[in-house]
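So that you can see what the record holds, here are the features copied from Swiss-Prot:
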- 2-181: domain 'KARI N-terminal Rossmann' (DOMAIN)
- Y25, G26, S27, Q28, R48, S52, D82, E83, L84, Q85, G133: NADP(+) binding site (BINDING)
- H107: active site (ACT_SITE)
- D190, E226, E230: Mg(2+) 2 binding site (BINDING)
- S251: substrate binding site (BINDING)
Amino acid sequence: MAKVYYEKDVTVNVLKEKKVAIIGYGSQGHAHAQNLRDNGFDVVVGLRKGKSWDKAKEDGFSVYTVAEAAKKADVVMILLPDELQPEVYEAEIAPNLQAGNSLVFAHGFNVHFDQVKPPVNVDVFLVAPKGPGHLVRRTFVEGGAVPALFAVYQDATGVATEKALSYADGIGATRAGVLETTFKEETETDLFGEQAVLCGGVTALVKAGFETLVDAGYQPELAYFECLHELKLIVDLMYEGGLENMRYSVSDTAQWGDFVSGPRVVTEDTKKAMDTVLAEIQDGTFARGWIAEHKAGRPNFHATNEKENEHEIEVVGRKLREMMPFVQPRVKAGVK
């Protein structure tokens, strides 16, 4: 079982006298920066010119270029998309790191897969809240917190663990609990969850269910409701209390169908396929493929995205959601 740390375990905050640079001011960046500042940390924000720069200035932060922020800081937290981090790190962060500095991440992908290679004289750790930035900020303001993971990759100073816990405490995570892990474990489990269950697995299951009903002659609108729209109701129940809560809350007919039909859909062959997915994450096959795809301009990514967006379930869903303004997305989907 994971070791969990709480506020009582952070007896001395070793970062309170240090300057922290938050690189990026998106979902996680704004939450980390504001929570740390509210807890008395000296925070600057490092960005390239754009809307985020203006937003960070409006929120009262001193904003610098990434290179300037990294040079000023003792602690550099990189909160940029995975695929952008290596270039920004090499060009703007690495040249400005000093011995004893801390290089911090919220996801271990680039360090674990050798896309970012820190110098041996800096501490390297991650602090990863298990929730989106708006929730990290909102719960903090309300006096609560989102749990987080932390891991130490490199301890150059002998106090990297203390620094990681101090950072986690600064964003409020120790109120809920901070679980100790490794860069390897955090990276591989995160990627597996996305691919086999949360994104890849769920979308494939939803489409397969929809197609099965439509191919059998049922109206696509009903197939959409039964296989996609109502998924939120079930996921919310699981989110609140696990599978047990979901099964308690649905009808007995639905629960019996769960017991007798679920294992026939997700079979031992499915688990074997999951094993293959995990193996490709572990041996770097997935990472190499994604890095190559990004460097090539993402031709397959964009082509697949365009094709998926025109699947019948999407066409039907757009029409049905016009009947339900209460489910309109907060952010309009578009080209990444």
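Numbering starts at 1 and runs along the chain as displayed.
Note that Cβ sites are derived from N, Cα and C of the backbone, with glycine treated the same way.
Since we're looking at a predicted model, the values are computed, not measured.
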Could you please provide the mean pLDDT value for the domain 'KARI N-terminal Rossmann' (2-181)? 97
Spatial neighbours, same chain, of D190 (Mg(2+) 2 binding site) - Cβ under 8 Å, 6+ residues apart: H107, G108
Return only the integer: C-alpha distance in Å from G133 (NADP(+) binding site) to E226 (Mg(2+) 2 binding site). 31
Long-range same-chain neighbours of Y25 (NADP(+) binding site), Cβ under 8 Å, sequence gap at least 6? A33, V45, L47, S52, W53, K55, A56, L79
Give me the long-range Cβ neighbours of E226 (Mg(2+) 2 binding site): same chain, 6+ apart, Cβ under 8 Å, in sequence order. G209, L213
In angstrom units, rounded to an integer, how far apart are the Cα atoms of S27 (NADP(+) binding site) and E230 (Mg(2+) 2 binding site)? 27
Determine, to the nearest whole angstrom, how far the Cα atom of D82 (NADP(+) binding site) is from the Cα atom of S251 (substrate binding site). 42
Can you check which residues sit near R48 (NADP(+) binding site), meaning Cβ under 8 Å from its Cβ, same chain, 6 or more apart in sequence, and list them in order? T65, V66
Among S27, S251, the binding-site residues in question, whose Cβ has the most other Cβ atoms within 10 Å in this structure? S27
Tell me, if you would, which residue among D82, E230 (binding-site residues) has the fewest other CB atoms within 10 Å in the structure shown? E230
Quick check for the class: what is the C-alpha distance, in angstrom and rounded, between E230 (Mg(2+) 2 binding site) and S251 (substrate binding site)? 14
Please give me the CB contact count at 10 A for H107 (active site), counting all chains in the structure. 21
Would you count the other CB atoms within 10 A of the CB of G133 (NADP(+) binding site), including those on all shown protein chains? 22
Max Cα distance spanning Y25, G26, S27, Q28, R48, S52, D82, E83, L84, Q85, G133 (NADP(+) binders), Å? 20
Cβ neighbour count (within 10 Å, all chains shown) around L84 (NADP(+) binding site): 13
